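**Student:** The structure's right below; bear with me while I get my questions together.
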Amino acid sequence: MALVFGSINVDEFFSVPHIVRPGETLASTKITKKAGGKGANQAVALAKASAVVSLAGQIGEDGEWIRTLLHSFNVDTSLLKTNNSLPSGRATIQISSEGENSIVLFGGTNMLSYSDALPLSKYQFLLLQEEIVHSETTSTLIDAHSQGLKTIYNPSPMPNATQLRNFPWSSLSYLIINAGEAVDLLKAFGEDPTSLSSAELLDKLMSNPSTGSLEGLIITLGENGLIARIKIEGIPTNYELPTIKVNAIDSTGAGDTFAGYFTACRMKMQTVDTSTMELALRNAMGAAALAVTKSGAMEAIPEVNEVRDFLAHNDINCIL
């Protein structure tokens, strides 16, 4: 079983002729409300990948409809608390006719202390992001590691340099970042990543005293695939894998889809070796590639049957 501890948001999209200017009142031509938040998105990705998953987090009374939606995706919400002191986290997004956007974020209940102890002993995997109280992310990671859980962290949005330097890296199994986040991480460690290739970024991070203890570091490269170094029985193995080319429409949900599907694949693996790990990475990339062919985040996450068919069409085995 997997536990996701993270954010849940109400995303409101306003279609406008142009992004509103200071002092301007502008009529919207359309409003759409959707569920979001990186915690909720990644939990749904795990569930769609046929994994057993629980989501821990907080919503306000205005977010109870999201609980119902998560149930419909087979996400266990017994650890999803309703807190009446604030509204749910919210993103207000203007989308212009040219496709530009402007976003105002409100942390809401995501930024309140969760306070209850999480039943970590029930789970084998923990998936974390940011968008909630950072100190609770780190303390949960430490507790999970001490209880033997495999821990996976996708630091988005990126913590500040001090938080990155003080992060409990030794409690983390797998780190999933993109190339920009890899640069930010090296800068936080006091290194100069200017003009480094993705392979050099990987080498620098895996030789750093803080992140060198990781079981696996995955750097996603968008349409260029990924580069990773995974320790298999203590022996580092490098992966440089291309993505499957698709007609990309919206990359919003790609990162959360990758994180959820990689975690589901890692849960499914009976034997961890170089070939099964490569399949896990390729499966997660395939799911993310499908996600970018649709608009949105949660609603763009593909079902496992779609992923199986897509991988088979591209001569890739599916381990889910």
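Each Cβ is built from the backbone N, Cα and C atoms, and glycine gets one as well.
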**Student:** Based on TrEMBL, name the residue from Thr211, Thr243, Thr263 that is recorded for the same ATP site as Asn178, Thr220, Leu221, Gly222, Glu223, Asn224, Gly225, Gly255, Asp256.
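**Tutor:** Checking Thr211, Thr243, Thr263 against TrEMBL: the ATP site match is Thr243.
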**Student:** Check TrEMBL for me: it has Asn9, Val10, Asp11, Gly37, Lys38, Gly39, Ala40, Asn41, Asp256 binding substrate, so pick out which one of Glu131, Glu181 it puts in that same site.
**Tutor:** Glu131
**Student:** Would you identify the secondary structure of Gly255 (ATP binding site) according to DSSP, in three states?
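**Tutor:** Looking at the DSSP assignment, Gly255 (ATP binding site) belongs to a helix.
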**Student:** Using a 10 angstroms cut-off on Cβ to Cβ distances, just flag whichever of Lys38, Lys294 is the loneliest among these binding-site residues.
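**Tutor:** Looking at the binding-site residues Lys38, Lys294, the Cβ with the fewest others within 10 Å is that of Lys294.
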**Student:** Need this for a regression test: binding-site residues Asn9, Lys38, Asn178, Gly225, Gly296, filtered to those with Cα within 10 Å of Asp256 (active site, proton acceptor). What's left?
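**Tutor:** Of Asn9, Lys38, Asn178, Gly225, Gly296, within range: Lys38.
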**Student:** Run through Asn9, Asp11, Lys38, Ala40, Glu131, Ala291 for me and report the binding-site residues whose CA is within 10 Å of the CA of Gly255 (ATP binding site), in sequence order.
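**Tutor:** Cα within 10 Å of Gly255 (ATP binding site): Lys38, Ala291.
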**Student:** Ranked by the number of other Cβ atoms within 10 Å of their own Cβ, which of the recorded positions Asp11, Glu131, Asp250, Asp256 ranks first?
**Tutor:** Asp256
